[in-house]
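The structure appears right after this line, and notes come after that.
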Amino acid sequence: MHALQAKILDPRIGNEFPLPAYATVGSAGLDLRAMLKEDTLLEPGQTLLIPTGLSIYIGDPGLAALILPRSGLGHKHGIVLGNLVGLIDSDYQGELMVSCWNRGQTAFTIAVGERIAQLVLVPVVQARFELVEEFDESQRGTGGFGHSGSH
């Protein structure tokens, strides 16, 4: 298991609310909580930036973190990430924030300490551009959306 440096920015973490942890041995994501001052109403169409009370430092340029939505919030309530996916670079050290967007038809209350997103570590491969005049021919070529087959 990879060590991940973290700072607790909200003293309720570790006291009222647990540190993020994997729910099972097969879990890929660590749940992030809404460390709000009070329960907050998110109206339909509204987007709100939610603090998590944590900052992390990955440090390894071969890793990054993704902030992803929790499936239940999106499916049951229409609460998804405003930026769809949050990318945390290995050299970022600021507070993890979650952009919540209510794409549903009814207002939703985000409770203090509610699990609102998940953090997943992923490998990173950095590339450099090699400029060419032409590409080697491929089966797909320049075919865009819908060109790899139907159903």
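Cβ coordinates come from backbone N, Cα and C, glycine included.
According to Swiss-Prot, the feature substrate binding site maps to R70, S71, G72, N83, L87, I88, D89, M97. DSSP assigns N83 (substrate binding site) to coil in the three-state reduction, placing it in neither a helix nor a strand. Around N83 (substrate binding site), the same-chain residues at least 6 positions away in sequence with a Cβ under 8 Å from its Cβ are S99.
Maximum intra-site Cα distance, substrate binding residues R70, S71, G72, N83, L87, I88, D89, M97: 26 Å. According to DSSP, R70 (substrate binding site) sits in a coil region rather than a helix or strand.
The 10 Å shell around the Cβ of I88 (substrate binding site) contains 21 further Cβ atoms across the protein chains shown.
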